[in-house]
């Protein structure tokens with residue numbers, strides 16, 4: 001009877017673990033709601049009689065909400081997963097719900113400063129959901145951090161396209177109904193995640209590890225299908241109402257298809273446990289003695305040891321204060337700032353870059369960076385996990401490779417050759433996705449999982465900070481220096497002069513990211529000798545030495 005209950009409990013626990021990950025994927029699929037401001041911004045501008053500058057400041061208020069993600073980081077170490085999800089979903093309900101009331105004209109337009117607060121709440125809501133999902137899933141699947149980060153971050157990149165398709169099919173692009181969907185849908189999905197997503201002990205056997213790896217390949221396959229399916233919608237000219245509804249229905253089926261994995265996991269675990277129970281001998285199941293030998297006071301005193309407190313090394317659990325005192329943390333912080341900051345600058349200014357180079361329609365370049373950014377996240381998560389297991393290849397090596405490619409993408413855009421903007425958009429999208437997917441598991445491997453929620457939210461402060469430094473400040477100054485004043489006010493720039501200056505200026509900080517990788521590879525005491533993970537994978541040292549020789553040769557040739 002006892003063994004039967006243990007079998008049932010183990011099967012349910014394994015299925016719940018995967019069911020929780022499925023709900024996490026759903027939450028990430030709708031957590032990119034703060035990227036959909038352009039879908040309803042015109043309605044706000046008209047109803048509130050805003051100028052373009054005031055509308056832009058509303059967008060800034062939305063982005064400022066992400067900076068308050070530190071609150072979610074602090075809470076992740078104190079509150080359970082369901083509580084963090086509840087806070088995020090309720091905050092989104094208030095933030096987007098108030099905007100829906102205004103746009104649908106159910107209430108009079110609120111004051112400008114109140115709308116700024118409402119948009120800030122909407123932007124901040126996603127940080128609570130992202131923190132709860134990433135922290136819990138990485139703790140549940142500690143041996144597959146790369147695939148977990150790649151899949152979850154990949155679906156965030158697809159969330160805008162998912163919302164757009166559903167709004168087009170169900171609400172005929174009505175901004176009021178779109179805002180209603182933004183306010184209600186996250187709450188409904190988060191309720192499902194509150195029920196099933198919880199911290200569960202990670203796998204502790206080789207068979208469980210193999211099962212996890214095979215299941216993550218299936219999750220990646222489904223994600224690829226969803227991405228290609230969404231991409232195909234962009235090439236359909238003027239889809240009708242019926243076609244959009246059918247397309248959206250199939251999309252929902254694809255998003256629900258991963259439910260087959262926890263169902264299969266439960267059935268397979270139940271059948272294997274039942275068969276092993278039937279084949280075992282009842283008389284040989286108990287292997288431990290009923291009574292344990294007593295330990296005398298003298299023996300107990302001999303077993304007592306004095307533990308001397310010391311600073312944690314890389315790979316061990318760090319408090320937030322200990323992490324902030326590490327040089328490694330600030331190297332990673334600046335590296336992430338330069339990498340994602342320049343990538344965001346390109347994506348935020350893609351419209352101006354395209355117009356300056358003579359392209360009338362720049363939407364295709366925005367779509368290219370978004371879709372290929374998804375592929376960069378998914379592929380880098382699986383590839384980095386494979387090589388860190390097989391060859392001990394450190395994850396920062398992939399960051400270095402992506403930054404070299406990203407700098408090459410900037411060069412392609414700057415030289416303004418025919419078709420170079422298409423190739424450059426794809427390259428920048430891929431490399432930006434790699435940066436996001438690689439940095440998430442790397443931070444957990446270096447500084448531990450106990451305070452990972454707060455460490456993660458400190459790192460993603462680089463998103464608004466990098467956007468301000470490289471896009472709002474640097475690009476804005478260069479644009480205003482070279483742009484031509486217009487008769488009606490404002491200025492514009494046509495030609496590749498200012499675009500080239502911006503892209504070349506973004507290339508320099510992008511290449512500075514290589515310093516972190518050189519540091520990890522040329523200083524093995526930091527990322528190899530002190531890392532628990534690398535200690536178990538010594539066979540990767542030969543590859544690291546080869547990369548070290550190659551890096552030294554490159555630096556010498558540049559001198």
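Count begins at 1; order follows the chain as displayed.
Glycine is treated like the rest: Cβ placed from N, Cα and C.
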In TrEMBL, one of 284-306, 353-375, 376-398 is tagged transmembrane segment. Which stretch would that be? 353-375
How about long-range neighbours of the transmembrane segment (177-197): same chain, 6 or more residues beyond its ends, C-beta under 8 Å? 16, 19-24, 26-27, 29-31, 33, 36, 39-40, 81-82, 85-86, 88-90, 92-93, 95-97, 99-100, 103-104, 122, 125, 129, 132-133, 136-137, 163, 166-167, 170-171
PLDDT averaged over every residue in the domain 'Nodulin-like' (17-263): 86
Can you tell me which parts of the same chain pack against the transmembrane segment (421-442), counting only residues 6+ beyond its ends and a CB-CB cutoff under 8 A? 134, 138, 145-146, 148-150, 153-154, 157, 332, 336, 339-340, 343-344, 346-347, 350, 353-354, 357, 359, 364-365, 368-378, 380-381, 384, 395-396, 398-399, 402-403, 405-406, 408-410, 412-413, 456, 459
I need to check the long-range neighbours of the transmembrane segment (110-138): which residues 6 or more away from its ends have a CB within less than 8 Å of a CB in the stretch? 20-21, 24, 27-28, 31-34, 37, 44, 48, 50, 54, 57-59, 61-66, 68-69, 71-73, 75-76, 81, 84-85, 87-89, 91-92, 94-96, 98-99, 102, 145, 148-149, 152, 156, 182, 186, 190, 193, 197-199, 440-441, 444, 449, 452-453, 456-457, 460
